[in-house]
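Trainee: Handing you this structure, nothing more for now.
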């Protein structure tokens, strides 16, 4: 009998990785709360955000989480960062973590400032950390679904867990590189979305590629500074989980965070832009916590601060841009 993997969350990214695992021969059971989405997947055999991609026969769907995780040798989550707490609490009511649990979402929880892995440990207990894994890196779902080459990072505290997850996801076109710095991998994926919103705003004002490259470079500097106070290895952010993911998210026309930034530049409010995108915009969610943590630790993060003030304090977008451009220059420190 084929080895079973449970996948919690059937947005486009969840469907993408669930399809990858199904293509490798695993029996994948995808779960989502939305009964309409599950019914559509079961009946039409297509995902509404990828109607041109046929459903693999190894992939099935359910709204019953217990059915999804029962006898699964691995559990993968692909819900929003805001959804990982309620989903983990629902999972805890069904089972303790005794198999690898792979986080593929990117964000920092609002109000608590917890990384998504820390939320899982808080709910399941410290013993759960040995089963935790984190997958991140430059990976636009549509490109992965089409079989385009892609390189990502997988991290875990336990070497055996790391090996199992690495072997499950690795394919000739989906390159998976191990990295032992789980917190650094998680932070890179979370914070790059804020910088992508800034790049989208820059695009919205037609500032050009020079401005965007400057934002990416200085944005990476902000992310590295943030990582130092979170006990991460700053060099992790020079790799796929940091620079790689940052470049893809900031320069891709498929990036929802960049699209969101363009809408903000056009004068839409936070809620209007989110409604227009129609999907979760993780950078908008994470900006609040990132700003609060940076302020608490007295870290100078001007791009992050600017995005936070525009989104949550109704700062005029042009005033925010002017504040960035009028900052005193100093020795470039990388």
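In case you wondered, yes, glycine gets a Cβ from its N, Cα and C as well.
The feature NADPH binding site is assigned by Swiss-Prot to 13, 33, 106, 141, 256, 280, 282. The annotation sn-glycerol 3-phosphate binding site is assigned in Swiss-Prot to 106, 137, 139, 192, 245, 255, 256, 257 on the grounds of sequence analysis. According to Swiss-Prot, the feature active site, proton acceptor maps to 192, an assignment based on sequence analysis.
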Trainee: Give the distance between the Cα atoms of residue 106 (NADPH binding site) and residue 255 (sn-glycerol 3-phosphate binding site), rounded to the nearest whole Å.
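Mentor: Rounded to the nearest whole number, the Cα-Cα distance is 14 Å.
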Trainee: Determine the C-alpha span of the NADPH site listed in the record, that is the greatest distance between any two of 13, 33, 106, 141, 256, 280, 282, in Å to the nearest whole number.
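Mentor: Binding-site diameter by Cα atoms for NADPH: 22 Å.
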Trainee: Can you tell me the three-state DSSP label for residue 137 (sn-glycerol 3-phosphate binding site)?
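Mentor: In the DSSP reduction, residue 137 (sn-glycerol 3-phosphate binding site) maps to coil.
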Trainee: Could you tally the C-beta atoms, other than its own, that fall within 10 angstroms of the C-beta of residue 106 (NADPH binding site)?
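Mentor: Step by step: centre on the Cβ of residue 106 (NADPH binding site), count other Cβ atoms within 10 Å, giving 29.
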Trainee: Tell me, which binding-site residues from 13, 33, 256, 280, 282 are within 10 Å of residue 139 (sn-glycerol 3-phosphate binding site) if we use the C-alpha atoms?
Mentor: 13
Trainee: Rounded to the nearest angstrom, how far is the Cα of residue 192 (sn-glycerol 3-phosphate binding site) from the Cα of residue 141 (NADPH binding site)?
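Mentor: About 17 Å separate the Cα atoms of these two residues.
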Trainee: Over the residue list 106, 137, 139, 192, 245, 255, 256, 257, recorded for sn-glycerol 3-phosphate, what is the maximum interresidue Cα distance in Å?
Mentor: 16
Trainee: What Cα-Cα separation, expressed in whole Å, is found between residue 245 (sn-glycerol 3-phosphate binding site) and residue 256 (NADPH binding site)?
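Mentor: It is 13 Å, counting Cα to Cα.
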Trainee: Which state, by DSSP, holds residue 256 (NADPH binding site): helix, strand or coil?
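Mentor: Reduced to three states, the DSSP call for residue 256 (NADPH binding site) is helix.
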